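J.: In case it helps, TrEMBL gives these features for our protein:
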| type | residues | note |
| --- | --- | --- |
| BINDING | HIS38, GLY87, PRO88, LEU89, GLY129, ASN158, HIS234, PHE411 | thiamine diphosphate binding site |
| SITE | HIS234 | site 'Important for catalytic activity' |
| BINDING | HIS234, ARG329, SER356, HIS435, ASP443, HIS447, ARG494 | substrate binding site |
| DOMAIN | 326-499 | domain 'Transketolase-like pyrimidine-binding' |
| ACT_SITE | GLU384 | active site, proton donor |
Amino acid sequence: MALGMAEVAYFLYRHAMRYNSTSPKWFNRDRFVLSAGHGCLLQYVCLHFASFQSVQIEDLKCLCKLGSQTPGHPENVVTQGIEVTTGPLGQGVANAVGLALAEANLGARYNKPDVAVVDHRTYCIMGDGCSMEGISNESASLAAHWKLHKLTLIYDDNHNTIDGSTDLALSEDISARFEALGWNTITMDNSEGNLDAFKNALISAHSETRKPTFIRVKTIIGKLSKKEGTSKAHHGTFDDDDVKQMKQRVKWDDREPFHVIPMVYRETRAQTDIGGRLEQEWHSKLNYYQNKYPEEAAEFKLLLADRMLPGWESSLPKWSMSDPVDSTRGYSGKCLNTLAKVLPGLIGGSADLASSNQAYLHNLGDFKQPDSPWGRNIRYGVREHAMAGISNGLALHGGGLIPFAATFLVFSDYMKNSVRLSALSHAGVLYILTHDSVGIGEDGPTHQPIEHLAGLRAIPHLLLFRPADGKETAGAYKVAIENRSVPSLLALSRQKVAANVEGTLADAVRKGGYIVSNKSEKELPEIILIGTRSELCLCEASANVLRKEGTRVRVVSLVCWRLFDRQPRDYKEFVLPSSVSKRVSVEAGSPLGWKEYVGDEGIVMGIDDFGSSGPYSEVFNKYGFTEENVTKTAKSLLTK
């Protein structure tokens, strides 16, 4: 790609895109995404020529080396000038749709007839592999449906993937597919030395006001080499003889590696001065905006600074023992809507399950163009993977948006790669995943998550919360909103639980685990019961039975493993004393991982098989999640 798409990338960075390389995070810059991230050398070279300080000649020499600024796929947390982390094919297409969506929504909310403070474009280069991945089609469908006309997708059509020519596994007309989705489609049959054709394609894209634009650029992979036009040029390196021949073909054989003609620097770095002027002009607009529209400007600048209104957390609901019982998804919906009133950056939606997930912002409209582009509810349809990838784009746009994405926990499998990339790229997406156990009942084992909690907890940095009641749900939201550089996931129930389990604390959620009952430091417990979500209620009920029989019982909520693991050793010892070896964990999911908390002598109550269809109470009873069985298990341990 670095050879085949060189002219296209040069034109984008030199003539098309608006950015300021000396101020890489300038808000109103155009965004560029390399979805075909394996071609990262192309972008690194462009960043170097465009005067981004993050990529010097020495960095290019260290391509893919440990600790370098030029890793094997673009990483936004490593290299300035990289907007999003891409690599798994198709993800960048979804990210680009999210970036374009953020621009359209913020523009509709803050631009005025006499001044536009949000006005930039999104460009994305995708490859043949991206075109095959389902996430790109899901995302492209939404981009057209949402009429994201400032999005330009450039398809590097070189007819090769790793295994060989694309005709091994691909025969459809990609342009026709995008046209059917509702895109403005343009084909360039020959990109070599044909910059005028690409310029005209971009002019067409910029004049389009209702459709995103798909530009199909037919290129030659590995141009100039002996591997030219074949899949062998897709990966690996060129041998010395091939490099020598390539240099001879362009009359470069007397140059040392990495030599750059001064004229090239002069030409490409002319954009630096232009970028500086563009940013100055934008700041002038922002000053005008602030003087004329002070209220909107104050909110807008708060978003740009990624800050929140002081005291926002006080808006979170507080529940008492007398409140009606509800599911944790119900408590979540109340939290979400109260937060939306004080957090203008909160935006998101569900994969066709808004009513089931209770993830809808009331009275804030649906994002639709041209009717209501200001709307903060996003209708994703049944497209979980695209939803998560688009949410990453929203989070990394730099406009202060706090995206939430909702579906059933079992469908996290559809979007797992995007969730992983949220963590890798420090995207503070809020995942709201309901119906989180066999407790969903009648839908049966196809919809009852078992292994999902264990798999998601294993993702580095991801904060997974499984709150027991209304208080813990509010506490989880507080921690999730505060942590803007890590994704959070709330695993929530379908069935009703207590609004306020006696002893739970919203503020204690930030520690991940804490003592719910029997906090005595003078007398250690004989046994510790550890639970999450509705199973915490079972622990507390069982503890009360055992206490009446004279047993000292401690109940611990382990609402977020990762946060608890980060606590000081003294605190963890206080909650789970090492001298108390009799412990029982209770969670309606895979037992994997719980041994770390119950120890070798403890008992893990979990499920290591698929679930069953039936009323949730009967299903819970079948798998032993009852007060009676928790008590029986605890007694069996006490008698050992």
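Note that the numbers count up from 1, one per residue, in the order the chain is shown.
The backbone N, Cα and C atoms fix where each Cβ goes, glycine too.
I'd like to know what surrounds each of these features in this structure.
T.: Taking a C-beta cut-off of under 8 angstroms and a sequence separation of 6 or more, PHE411 (thiamine diphosphate binding site) has the following same-chain neighbours: ALA351, GLU384.
Under a cutoff of 8 A between CB atoms, and with a sequence separation of 6+ in the same chain, the neighbours of HIS234 (thiamine diphosphate binding site) are ASN160, THR161, ILE162, ILE221, GLY222.
Take the CB of SER356 (substrate binding site) and look out to 10 A: across all protein chains shown you find 16 other CB atoms.
All protein chains included, GLU384 (active site, proton donor) registers 26 other Cβ atoms within 10 Å of its own Cβ.
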J.: Of all the binding-site residues given, HIS38, ARG329, HIS435, ARG494, which has the fewest Cβ neighbours within 10 Å once its own Cβ is left out?
T.: HIS38
J.: Can you tell me the mean pLDDT for the domain 'Transketolase-like pyrimidine-binding' (326-499)?
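T.: A mean pLDDT of 96 is what the model gives the domain 'Transketolase-like pyrimidine-binding' (326-499).
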J.: What's the CA-CA gap between HIS447 (substrate binding site) and LEU89 (thiamine diphosphate binding site) in angstrom, rounded?
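T.: On Cα coordinates alone, these residues lie 27 Å apart.
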J.: Using all protein chains in view, find how many other C-beta atoms are within 10 Å of the C-beta of ASN158 (thiamine diphosphate binding site).
T.: 28
J.: In whole Å, how far is HIS435 (substrate binding site) from PRO88 (thiamine diphosphate binding site) when you measure between their Cα atoms?
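T.: One finds 28 Å between the Cα atoms of these residues.
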J.: What does the structure give for the C-alpha distance between ASP443 (substrate binding site) and LEU89 (thiamine diphosphate binding site)? Integer Å is fine.
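T.: Between the Cα atoms of ASP443 (substrate binding site) and LEU89 (thiamine diphosphate binding site), the distance comes to 33 Å.
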J.: Report the same-chain neighbours of GLY129 (thiamine diphosphate binding site): residues 6+ apart in sequence with Cβ closer than 8 Å to its Cβ, ordered by sequence.
T.: ALA36, LEU89, GLY90, THR161
J.: Rounded to a whole number, how many Å is the Cα of GLY87 (thiamine diphosphate binding site) away from the Cα of ARG329 (substrate binding site)?
T.: 33
